[in-house]
Amino acid sequence: MIKTLVSPYSGFGSQKLKFDRSSEKVKTRAVRMELTITQPDDWHLHLRDGDLLHAVVPHSASNFKRAIVMPNLKPPVTSTAAAIIYRKFIMKALPSESSFDPLMTLYLTDKTLPEEIRLARESGVVYAVKLYPAGATTNSQDGVTDLFGKCLPVLEEMVKQNMPLLVHGEVTDPSIDVFDREKIFIETVLQPLIQRLPQLKVVMEHITTMDAVNFVESCKEGSVGATVTPQHLLLNRNALFQGGLQPHNYCLPVLKREIHREAIVKAVTSGSKKFFLGTDSAPHERSRKESSCGCAGIYSAPIALSLYAKVFDEAGALDKLEAFTSFNGPDFYGLPRNSSKITLKKSPWKVPDVFNFPFGEIVPMFAGETLQWQPLK
C-alpha cells in the first residue's frame, strides 16, 4: 500500500498553483511517501559465528522476519546436529525482543549421505541444502568436486523429501574466464541436473547474468527460482574500479556487464514469481577487505530494504516490490507468508561510513552515500 501524505499549505488545495514572479519559484506543498508491505524475508544470508555473529544478526533481525542462513562456517555445517547447534547460537545472539526466525541449511559435500537429508527434514529447522562447487567462494574448499558422480543418491533423496537445493552457480575450472563461470555452470551442470531430476526444487543463488535470467524463466514455475542481491541490481563491474580499486564492491560471483544488470532489474521488476530477495549479505572486518588479498563479500543487511526500494522506485515498479521481498520466497519454499508489516518512508538519509564493533570495523555497501528510502523503526 502506497500512501501520499500532504502537509497543510494555505495557498494550495483546490486552487491553482501561484507563481512568485519576483523569484520565479513555485509555491508548492511538501510530500512524503510511505510504503507499507508485508515484512520481508532474506532467502540468502551469511551470519558468521562468534563475535561477528553477535555484531551483525541484529541488523538482519531489525528488518527481516526470517532468513535462510548459509552453512559455510569453519568447519562447515554439514550435519543436522551441527545446524541445530548453530541455530541455538544465533538465537542467543538475537536481541531479547526479536522474533527473527533463522532457517538453517546444510553444506553439501562429496560425503553427505541420504540419511542426513531425512534427518534434516525431520528436524523442523533445516530448510535446504547448499551446493558449493569446491573452491568457488568463501569457505567452499570442502564443497562438491563431482556432483553427478558423488552426490546423486543424496539429490534423489532430496526429491523424496521435497528439500530444495541452493546452488552457487559457478564452475571452478581455472581455464574459464571468471566472468563466464555462471553461464558455463548453467550449460554444463544446471541444465543436465534439471533434466535428470526434474522434480528437484532448485534455487539459483545470487544470479548475475542475463543467461541466468533466461534459464530461470525457461523453467517450470515452482521448480526453479532465483535469489537476487542488491549489488547485482545496482552495480556493474565498473564499480570495482572507479576511482581506484574498490574492495567493498568485491563479491562472488563478481559483478558483470551493464547489459546483465539491466536484464536482472527487468526480471525482478516484471512481477515474475520466480525471483525473490536474497541479500547474500556477507560481513568481513574492514582489515580483511582492504588488504593485499581482500575477501569476497558485500555487507548489505543494514540497508538492504532501502536498496531494493531504490531499484523498484527507479524502475517505476514500487507496486511489484512486496511480491519480490515478501511473497515469492515463502511461496517457493511452501511456507506461509508473514502476517507482520513494515513501512518504508521516502526520506533522504546517509548510510553510515562504517559500523564500529569491539573487534573492528565493517564497511557497508554504499557507505557514506545518500539513499531515499528507509524503514520506519
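Using the three backbone atoms N, Cα and C, a Cβ is placed for every residue, glycine included.
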According to Swiss-Prot, one residue among Ser10, Ser62, Ser96, Ser223 carries the annotation phosphoserine; which one is it?
Ser223
Where Swiss-Prot shows His44, His46, Asp280 binding Zn(2+) 1, which of Lys130, Lys201, Lys346, Lys350 is named for the same site?
Lys130
Can you tell me how far the Cα of Ser223 (phosphoserine) sits from the Cα of His206 (Zn(2+) 2 binding site), in Å?
17
Sorted by sequence, non-Lys130, His168, His206 residues with Cβ within 8 Å of centre, Zn(2+) 2:
His44, Met70, Leu131, Tyr132, Thr137, Leu166, Val167, Gly169, Glu205, Asp280
Spatial separation of His44 (Zn(2+) 1 binding site) from His206 (Zn(2+) 2 binding site) - C-alpha basis, Å:
8
Using a 10 Å cut-off, grab the number of neighbouring Cβ atoms around the Cβ of Ser223 (phosphoserine), all chains included.
15
Measuring Cα to Cα, how far is His44 (Zn(2+) 1 binding site) from His168 (Zn(2+) 2 binding site) in Å?
11
By CA-CA distance, flag whichever of His46, Lys130, Asp280 among the binding-site residues is nearest to His168 (Zn(2+) 2 binding site).
Lys130
